[in-house]
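Q: One structure, as structure tokens, below. Some questions next.
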Amino acid sequence: MADLPDQVPFEGLHPRKSAGRRRLSYASQNSGSLRSHNPGQRVSSALSIRSHFSYAGSETDQSEIHSPIPSRHFLLQTESQEWLNSAQESVTSSRPSTPLSPISPTEGSFKPPSLRKTRREPALSFSTLHELHQSYPNQKLRKPPPVGSISSRIHAKSRADSQTNDNVGMGRRWIKWMHRNRMQDRVLVCSVAAALWLKWCVGLSGYSGAGVPPLYGDFEAQRHWMELTIHLPTRQWYTYDLAYWGLDYPPLTAYHSWLCGIIGSLINPKWFELDGSRGIETYGSKLFMRSTVLVSDLLLYIPALIFFSRAWHNTRSKRTQGLALLCLLLQPSLILVDSGHFQYNSVMLGFTLMALNFFSQGRDEIGAICFVGSLVFKQMSLYYAPAIGAYLLGRCISLGRTKGFNLFLRLAATTILSFIVAFLPFLPPFSPLSGISDPITRIFPFHRGLFEDKVANFWCASNVIIKWRLWLSQPILVKISAALTLLGFLPSATSLVWAGWKVMESLDSPSVPALLLSSKNSERGSISSVNTNSTSHKITTTSNNTNDNTRNGNNGVVATPTLPILPWAMLASSMSFFLFSFQVHEKTILLPLLPLNLLLSGASIDSFTFEWGVLVNNVAVFSMWPLLKKDGLAIPYIALTLLWNQLLGNNPFRKPSKEHYLLNYVSLTIYTLILTLHISEFLITPPNRYPDLFPVLNVLVCTPVFGFTWLWSIKRSVEVAWGVGLSLS
């Protein structure tokens, strides 16, 4: 989320925590210290000052470079600086030069401060500068456009930004109120407590398979796995009575079930009697099972979210960190699936998020171990594997031949060792070598077919016209699915590897891209001068050991410059798997939502990322509506979705903004279709010939949104690579 009203948004430009108190309005800058200059100098100076505090409000802006390392976009250093004819700043500085105070003595005149409280105008975004630059393409740099035309357009843009910023959410107002009343230390505790309370309230509703014998649902499946793991030897875990919820997740899920079953048996052994407890739905057993989800969240997922808000938003204000955490904690889709439908997806996502957090700290080996933990808990984490694997490979390449090869060996050793430890009970001497085939065949069920239920992906949507299972055999469909999935994630994965190669080339050259040397605090490298060129984007360094620090895996720079590309690549990869891979369930949309929400938490409220991210979240919840309806979760579905949108300040029926005019109308159209389908489903009974009419219409509404998100994530991967100084050409 963007910083709150008294903070300057980070937006990947000038990270600082208290610069908001020093921000000046355009009027105050022209009324005092700038009054003594001639009109051309006044406009140029005002714009140069305002450019330091820019908002990012469109796709032409540089805002969405989401990274724990402060970085500047090249638009600040080249095109805008060249057009404004202003002095360049050193990229090592974490805050801009302090503008002249409007109440300080100047050469011209002195104007006393006004005691009347006035609303501060938002800063200019680079979209405004870009628009002004295009409006006067033939104007020489030293002869800026007339003052009046620029001034009127600046104030018009400022008024539009003010209207956008006035549309704040309930969560933003609550956090501001807590800070104003000096209760900022309680924001974290209150946010976590609110999330746990909401999850517990959702747990009081229905769940998968409640009172529906003989197989019941996912609730019974999770309980049954606890039952069989505490009573049977490990060699029978993946072979025992497969017709009744046979275990089909990797070993870490089995170990988790075993631990929960042991604890539950100590409380009441009847809950987990072998075969005799099937279908048990007592109050005590349900209370215990619901509690295991909350405890799992408290032990892994919630700490991972807190770690993320501190590591990836460390240059942001405490209010922004609190708002980002609140946005992630109360994300409705995960709460409805885990605490409602009943699963443990938060454990898988928590391991993945921990891996990202350690990557941001430069601890690649620990991050690799965490990601293996995610893989051996649920195989759906493979959706992230191409992006994370490409990131680590690019990381090794960027360090050069010697240090990169050493890092590659360490990563390979830790990854292989982690897998061996996870599968150890199924390997010799604890089990015959053939025993490893039992979990593998259960984990990857290609025999089940292309898809089962109506899922908002390519196969289900296109199946309305092309009956794939009638035209092609299952082996051919598996190959086509694998090929499409590969083509889907290949661009983003390739960009990460290529970016690592460009980092290595840049560090070997005498001049280094500006953003490759930006790091944290004292680890930034000594840069004495900035030689900016609009085509090369290079700077000259005077530190002899800058390249060594950048190459020094975990000691010099905390993370590789390609790190900001990773969340976008993860979004592209996971969405590619969701759209094109084999045997996808509607709940699998949770995997693309994780990187999307991480990016959403760092986006300004008027950015495309924020508005589209909120839309995709709402569409994702709607895509699971047939499942949630079956589980009796209609009321939590409506309540959580409305609450989350209210917290973020999203109102799809507000007046469209000029910056995202088309997006607003697309969003309004989609929300109207969703509302129409809900009302129609409530009032109209589908004909007997088409019993799945509304689930199919659900798929047809949601699939285009997910498809565009996949294409958009690939586009943003390339743009962010350019934004941090890595040309992919």
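Here the Cβ of each residue, glycine as well, is placed from N, Cα and C on the backbone.
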Q: For the record in TrEMBL, which of the ranges 252-268, 320-336, 371-387 is the transmembrane segment one?
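A: Residues 320-336 are the ones TrEMBL records as transmembrane segment.
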Q: How about the transmembrane segment (565-582) with the transmembrane segment (476-501) - do they touch, taking at least 3 C-beta pairs under 8 Å (6 or more apart in sequence) as contact?
A: yes
Q: Report, as numbers and ranges, which residues of the same chain sit near the transmembrane segment (476-501): CB under 8 Å and 6 or more residues beyond its ends.
A: 386-387, 389-391, 393-398, 446, 450, 458-459, 468-469, 560-562, 565-566, 568-569, 572-573, 575-577, 579-582, 710, 713-714, 717-718, 721, 726, 728
Q: Residues sitting near the transmembrane segment (407-427): Cβ under 8 Å, six or more positions beyond its termini, same chain?
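A: Residues packing against the transmembrane segment (407-427) from afar: 234-235, 250-252, 364-365, 368-369, 372-373, 376, 392-393, 395-396, 399, 433, 435-436, 438-439, 553.
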